[in-house]
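Since the structure comes first, as C-alpha cells, the remarks are kept for the end.
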Amino acid sequence: MTSPNNYLAKIKVVGVGGGGVNAVNRMIEEGLKGVEFIAVNTDSQALMFSDADVKLDIGREATRGLGAGANPEVGRASAEDHKNEIEETIKGADMVFVTAGEGGGTGTGAAPVVAGIAKKMGALTIGVVTKPFEFEGRRRTRQAEEGIAALKEVCDTLIVIPNDRLLELGDANLSIMEAFRAADEVLHNGVQGITNLITIPGVINVDFADVRSVMSEAGSALMGVGSARGDNRVVSATEQAINSPLLEATMDGATGVLLSFAGGSDLGLMEVNAAASMVRERSDEDVNLIFGTIIDDNLGDEVRVTVIATGFDAARASAAENRRAGISAAPAAEPVQQQVPTTNATLPPEKESIFGGAREENDPYLSRSAGARHRIEETRSGGGLFTTGNDRDYRRDERREDHRDERRDERRDDRSYDRRDDRRDDRRDDRGDDLDVPSFLQ
C-alpha cells in the first residue's frame with residue numbers, strides 16, 4: 001500500500017546569503033512546519049549558527065568561507081561553482097522558496113542561480129526578497145535592483161518587500177535590529193501563509209494545484225499581512241492586508257489572488273465570505289481567487305489574514321496596450337482651415353493706438369505679419385508645443401521678403417528724390433539761362 005506521504009507536496013525554503021539565512025533562522029524559531037530548510041552562504045561562520053536542515057557552504061574555494069564582500073559577481077560565481085550540490089539539495093521539491101536580502105554579495109548574486117536551478121528542475125519557484133533601507137547607500141540599492149531584475153527572469157512569482165516601508169510600521173524609537181527583525185517576520189509570514197494553505201487541512205481546503213494555478217509564471221506579486229481581534233475582525237484584518245504599507249502599489253486589477261484566513265474554531269463563514277468579497281471587488285473581474293481557512297485554537301480570538309496578489313504584469317501590459325490601441329484608433333483631428341490673408345490684405349483699423357490716437361493698420365508689412373501669425377497658429381495646432389520646421393522656414397522667407405521690400409522701398413524713395421533733385425536743377429538752369437542770355441547779348 002502506498003504511503004499518503006508520497007502525495008504530500010514537498011516544499012523547501014532556501015535562504016541565500018546573510019539576509020536569507022537570517023530569515024530561515026527566524027522561520028525555524030517561529031516553528032514553521034511542513035517544509036525543509038536549506039541555508040546557502042559564502043560565509044562559513046554564519047552557517048555555523050544556523051539551525052537549517054541542510055547547510056551549503058559555496059564559498060570554500062572562492063572566498064575561503066569569508067563571505068562575498070558585498071560583491072554580487074563573487075556570489076554568482078560561487079553558486080555556479082557548486083551547481084551540482086545545489087541541484088542535489090533541491091531535488092524532489094514541488095515548491096521552492098528562495099529568500100534573500102538584496103543588495104549584498106551572496107544574496108544578490110547567488111539567489112538567481114539557485115532559483116534558476118529550482119525552476120529548471122520543475123519546481124514552482126517563489127522568490128521572497130527584501131530591498132535595502134535607503135540609509136544603506138546608493139550602491140547597495142543599485143545592486144539590489146539588478147539582483148531583483150535577474151530573479152524575476154527565473155522565478156514563477158517574485159515578492160519584493162521594501163525595507164523602507166517597514167519604517168512606517170514602527171515608531172520613532174524603532175532600532176535597526178528591530179527593523180531587520182520585522183523584515184524577517186514579513187518573510188516568515190509570507191512563506192507561512194502559503195505553506196499553511198497547502199500543508200494544514202482547513203474548513204475550506206486549498207491544495208498545491210490551486211496554489212500553482214495562481215503563482216505559476218505570475219511575475220511580480222504583492223503581499224500583505226493583517227491581524228485583528230474583536231468585532232468585525234476578519235474584515236478589519238483583510239483591510240490591513242490589502243492596504244499594507246509594505247505594498248509598493250495597490251492590488252487593483254490582480255488576475256490571481258491567494259487569500260489565507262487563520263483563526264480559532266469560532267471563525268465564521270459569513271465574515272470570511274464578506275472579507276473575500278471585498279478582495280474580489282478590488283481585483284480583476286476574471287480574477288482567479290483561491291482562499292482557504294486554517295483553524296488554530298492557539299490564536300484565541302485573533303484572526304490573521306495573508307493576501308498574495310499576482311498577475312499585475314499581464315494586467316498592466318494589457319491595459320497599456322488597450323490605451324495605445326485607443327489612441328491609435330481615435331480619428332485624427334482635421335486641421336482647421338483658416339483663411340490666410342494675402343500680402344495686400346489689410347486688417348480692420350484699430351480704434352486706439354498705444355499713443356492714444358487713431359491708427360489704421362493698412363501697411364502691407366503689418367498685414368503680412370498678421371497672415372504669418374495665422375499660418376503659425378495653424379501649424380502649431382497640429383504640431384504641439386514646439387515650433388515646427390515649417391514655421392522656421394516661413395519666418396526665414398518672411399524676413400527675406402521684408403528685407404527685399406524695404407530695399408525696394410528705399411530704392412523707390414531714392415529714385416523719387418533723384419527725380420525731384422533733377423527737376424530742381426532744371427528749374428535752376430532755366431532761371432540761369434533767362435538771366436544769362438541778356439548779358440551775353442550785351
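Every residue gets a Cβ built from N, Cα and C, even glycine.
Summary of the site annotation: Swiss-Prot records GTP binding at G18, G19, G20, V21, N22, G105, T106, G107, E136, R140. Screening the candidates D51, D53, D57, D184 against this entry identifies D184 as the one listed for that site. Compared over the binding-site residues E136, D184, the count of CB atoms lying within 10 A of a residue's CB peaks at D184. For the GTP site listed in the record, the two most distant Cα atoms among G18, G19, G20, V21, N22, G105, T106, G107, E136, R140, D184 lie 19 Å apart.
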